[in-house]
Each structure stands twice: as C-alpha cells, then as structure tokens.
Amino acid sequence: QRGAQANHLPSPGAFGFCLPWSGPHRGAVLCVWGALTHFTPIWAPAVTPTRERGRERGEREREREYTEADERKIQHCFCYTSTVLTSTLAFQKEQKLKFECQALLQVAKNLFTHLDDVSVLLQEIIIEARNLSNAEICSVFLLDRLSHELVAKVFDGGVVNDDEKEFRIPADQGIAGHVATTGKILNIKDAYSHPLFYRGVDDSTGFRTRNILCFPIKDENNEVIGVAELVNKTNGPWFNRFDEDLATAFSIYCGISIAHSLLYKKVHEAQFRSHLANEMMIFCLMVKKGYRDPPYHNWMHAFSVSHFCYLLYKNLELSNYLEDIEIFALFVSCMCHDLDHRGTNNSFQVASQSVLAALYSSEGSVMERHHFAQAIAILNTHGCNIFEKFSRKDYQRMLDLMRDIILATDLAHHLRIFKDLQKMADAGYNAKNRTHRSLLLCLLMTSCDLSDQTKGWKTTRKIAELIYKEFFSQGDLELFPKSAELYERVAANREQWTKVSHKFTIRGLPSNNSLDFLDEEMRLNCHESSPLFAYPLTCMFPAFQQDVLIEVSPLDNQNEVEKDASLWGL
C-alpha cells in the first residue's frame with residue numbers, strides 16, 4: 001500500500017511511480033511511464049477507510065524531485081477520489097451489460113419472428129452475429145445427425161439456391177467439426193498458425209483469414225445442433241473475452257430459435273402430408289363413387305388395372321423409361337379409365353342413339369371420352385383436385401396425358417397405332433423421344449386394361465364369367481330394344497324372382513342332373529299364363545334360352561297386360 005518511484009524505465013528519459021492495485025483485479029501491478037519533457041509522472045495508492053482501491057498519476061514539474069510530503073498530499077487527495085473511481089468502473093460495467101442485454105433482446109425479437117422459415121432465420125442469425133461481434137464474415141452450419149455431417153445453406157448472408165447442392169463437411173473435420181464434436185467455443189487469434197485451419201480456401205479465393213471465433217449452437221437439451229463461425233474482427237486485432245461471452249449468450253437464442261424453427265418445419269410438413277393424404281383419399285373415394293355397378297366394368301376392375309400398373313412400375317423400373325409426371329398420369333388414368341361405365345360398348349351407344357353418342361360420336365370412342373369427361377369433373381370438385389399445386393404448364397400436360405391414355409383403352413385406337421408400335425420396337429426405344437414415350441404409355445394402358453388373363457386360373461375364370469354376364473346383359477338389350485324399360489323394371493324386382501328361383505332349387509331333380517323336365521312345365525306355364533311370364537323367366541334361367549323359344553306377341557287387350565304386370569309386381 002505504498003507508492004514507489006520508478007527511476008529506471010524502458011525508455012530513455014522516462015520516469016514513473018508504481019503502486020499495487022487491489023480491488024477488482026487484486027494482485028496486479030499498474031505502472032505507467034511518460035517521457036520527461038515537461039512533466040514527471042508520480043503514482044500513489046488511493047486508500048479507502050477499509051482497503052486500498054486504486055491509484056492515479058499526479059504530475060509535477062520536472063525541475064523538482066518528489067518528496068515524502070508530495071506523496072502524502074497525493075495520498076490524501078486519493079482518499080476522496082476512490083469513490084469516484086469505483087463508481088466509474090461500476091458504471092462502465094453496467095453500460096456493457098446494458099448494451100449486451102439490449103442487443104440480445106433485439107436479437108431475440110428478430111430471430112423469433114422468422115421461425116416459419118429456416119433459411120430466413122439463418123440469414124438473420126448471420127446478420128445479428130456480424131453486428132454484435134463486428135466480424136467481417138460469418139457462416140452457420142447445421143448438424144445432420146443421420147449423415148453425421150455439417151450442412152451449410154447460408155454463407156455471409158447468402159442462401160444456396162434450390163438447384164445448387166448444399167455444402168457439407170464431416171462433423172469431425174476442421175475447426176467447425178472440432179467445435180461440433182467438443183461443444184466448446186474456440187477463439188483463434190492467428191488462423192494460419194492453428195493446426196485445424198485449412199488454407200486452401202484462402203489460396204484459391206485470395207481472401208486472408210486473420211482470426212476466427214467459432215462457437216456451438218445448442219438446444220434446450222444442451223445438445224449441439226449447429227455451429228457458427230465468425231471470421232476477422234474488424235475493430236480490433238482479434239476477438240476478445242467480451243466477444244466470447246456475447247457469442248455464448250447469443251448461441252442460446254440461436255439454439256432455441258433454430259430448434260423451434262426445425263420443429264415448426266416438421267409440424268408443417270406433417271400437416272401438409274396429412275392434407276395431401278386426405279385430398280388423395282377424397283379423390284379416390286369420389287372416383288369409386290363415380291363407378292356404376294355393372295358385372296365387370298366397376299370399381300374392382302379399376303382397382304385391378306391400377307394395381308397391375310403399379311406392378312409394372314416396380315418390376316420394369318419404368319422411371320428409367322418415362323418421366324415422373326407421365327408415370328403419375330398413367331396411374332391416375334388407370335383409376336379413372338372406366339368412370340361411369342354403363343355396361344355397354346361404343347357400338348351399342350351409337351346404335352341406340354344414346355345421349356352419350358350424341359355428345360361424342362363425331363369424335364369416336366364414345367365411352368372413353370365420357371370417362372375422361374367424368375375424370376375432369378371429379379378433378380374440378382372442391383377438395384379433389386390432386387393437381388392443384390402443379391404449375392400451369394404441368395397441369396395442362398397432365399390433362400393431355402390423361403386424355404391420350406384413357407382414349408388408348410379403346411382397342412380401335414390400339415389397332416391404329418399398332419404399326420407405329422412395330423416401328424418403335426424395330427428401331428429401338430428412345431426415352432428422350434416424346435413420341436416413343438407416348439406410344440409406350442398407350443401400350444402400358446392397354447396391357448393394364450387386359451391384365452386379367454395374367455392372373456391365376458380361379459381369378460381369370462371368375463372374371464371371364466363377369467365379362468360374359470355383362471355381354472349377355474347388353475345382348476338382352478339388343479335383342480329386345482323396345483322392351484328395355486320392362487327389362488330394367490324386372491331386374492329391379494329381383495326379390496320376386498329370387499323366391500321363384502328358390503322354389504325350383506329346393507325341388508328334387510332326377511338322377512341324371514338334367515333340367516329337361518322343366519321344359520314342358522315351362523311351355524305349359526307359357527301357354528296358360530300371359531306371355532309376360534316368359535320373358536322374366538328367361539332372364540332368370542339363361543340356359544333355357546337355347547332350348548326354349550318364346551315369342552312376346554302384342555296383346556289386344558290392354559287391361560290384360562296391366563293385370564299380368566301387377567301380378568308380377570311390375
């Protein structure tokens with residue numbers, strides 16, 4: 001606690017007075033020297049009633065030597081200035097804390113308002129980190145735990161474009177990898193002398209890295225989720241302890257914001273997938289609802305065709321031959337290729353002069369064009385447009401592909417393009433040729449539509465029976481064109497016919513399992529009752545149509561017709 005004069009200082013002509021400094025930095029010695037031109041420095045302790053607080057320099061003219069009286073005077077003055085010095089130091093410390101708190105508060109405000117986009121959030125982290133530390137360059141790496149790599153999308157405020165590759169480095173390589181592995185801050189005052197620094201980037205770009213401050217970014221579980229790297233202090237020789245403390249506090253806000261942003265991204269993606277799944281489910285249900293219930297061309301046929309399309313895609317690796325949008329169009333077309341099928345073919349529609357024939361007969365492929373129109377109607381239904389996120393160009397192309405693929409289900413179309421298919425097969429398939437891809441799509445659609453014969457025998461036989469049943473139904477309509485309305489009413493009253501059929505079923509049959517004994521009974525019933533009885537019975541027992549010929553003759557008495565009709569529930 002006593003001052004000391006320094007008569008031998010490093011510089012010639014220098015003179016100083018040193019005292020030990022207690023207080024915040026107890027044990028340190030502070031010595032200031034000055035040139036002996038006009039004034040000579042003197043040092044003395046600043047003493048409080050309880051302890052030594054500091055020291056200051058007094059000055060005196062050069063011509064006089066300092067005496068003990070001078071020292072006593074200075075020490076007496078410093079007894080009153082110690083309080084001022086202590087308050088000044090405390091004020092400076094509070095100013096630093098205030099600046100740090102205000103800066104971090106602004107950082108929190110800026111970061112937490114950009115949680116909806118990770119890329120924008122990383123840009124804000126870059127900007128705030130540079131402003132707080134006065135760094136020249138800053139970059140942020142996110143830790144990918146699956147690949148154990150550090151991924152960088154933001155470099156000095158710039159975001160990598162979607163078509164560019166992300167910059168990735170191993171999580172245990174370089175300065176950033178060391179910080180990610182250890183989880184500790186790393187302050188490098190001389191980058192070129194550090195063994196982990198790679199000079200190749202500086203040599204190729206011409207940039208010189210002087211110093212680096214690299215700190216980890218941790219989440220609320222104290223796990224490293226990223227690394228931030230500050231390069232080149234602009235207002236000092238290197239990053240100091242204050243920058244380290246500020247970076248540590250800053251990393252906490254960064255970790256919380258990044259963790260919540262990634263969580264928000266996962267939730268948003270899950271919601272989007274859920275919305276997409278719901279939209280696809282609604283679309284599939286609407287397509288199923290759009291199918292009628294003919295024996296063969298119903299929803300099960302559409303599902304079977306779509307399933308075979310999926311098998312072709314997986315087993316033949318169609319992604320090597322077709323574009324993704326074309327494969328998607330093929331699959332959707334398989335689901336919609338027989339929408340609202342009436343159980344009749346194009347020839348019947350034209351011959352019967354139906355409404356569909358009036359709409360589409362001029363262009364050909366009456367039913368196929370109707371199927372495509374129904375598919376478009378479903379896509380235009382609210383909540384069913386699974387292509388609404390497509391661009392205008394892709395949306396138009398998708399509809400064109402669906403139209404061409406659905407029209408290809410008409411075998412007449414297949415016969416028209418058969419020669420082109422042969423030429424393509426002889427010349428070789430070219431995946432870059434759009435015509436070849438279109439022909440392949442048509443061929444795949446035809447294969448899927450006729451794929452029932454590739455299944456097992458039991459399935460194939462059952463499907464063949466359904467096809468025969470549908471064809472015979474159309475044959476009945478063609479055989480009795482003027483009785484179509486009556487036929488439909490009879491078909492609607494199946495309960496009555498089921499009871500009659502049950503009576504014949506429970507009756508004992510001859511040992512030869514023949515139904516010939518029913519022929520005579522049927523003829524007698526036909527003669528005894530109205531001819532209206534004969535036609536429904538032939539519908540119930542198609543096997544009799546080959547052996548029993550029944551003519552439906554007009555009746556002279558209209559009352560008798562109505563009587564017979566009411567008898568059979570018509």
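Glycine residues also receive a Cβ, built from the backbone N, Cα and C atoms like all the rest.
TrEMBL does not curate its annotations; it predicts them automatically.
In the record from TrEMBL, residues H301, H337, D338 bind Zn(2+) 1; the candidate from D172, D190, D449, D476 listed for the same site is D449. Annotation: D338 carries the greatest number of neighbouring Cβ atoms among the binding-site residues D338, D449 [cut-off 10 Å, Cβ to Cβ].
Distance noted between the C-alpha atoms of D338 (Zn(2+) 1 binding site) and H297 (active site, proton donor) is 7 Å. Less than 8 angstroms from the CB of H337 (Zn(2+) 1 binding site) sit A302, V305, E368, H371, I405, I406, T409, M445, D449, each of them six or more residues away in the same chain. Sequence-distant contacts of H297 (active site, proton donor), defined as residues of its own chain at least six apart whose C-beta falls under 8 angstroms from its C-beta, comprise Y291, D338, H341, G343, E470.
Listed in sequence order, the residues of the same chain lying 6 or more apart from H301 (Zn(2+) 1 binding site) and placing their CB within less than 8 Å of its CB are D338.
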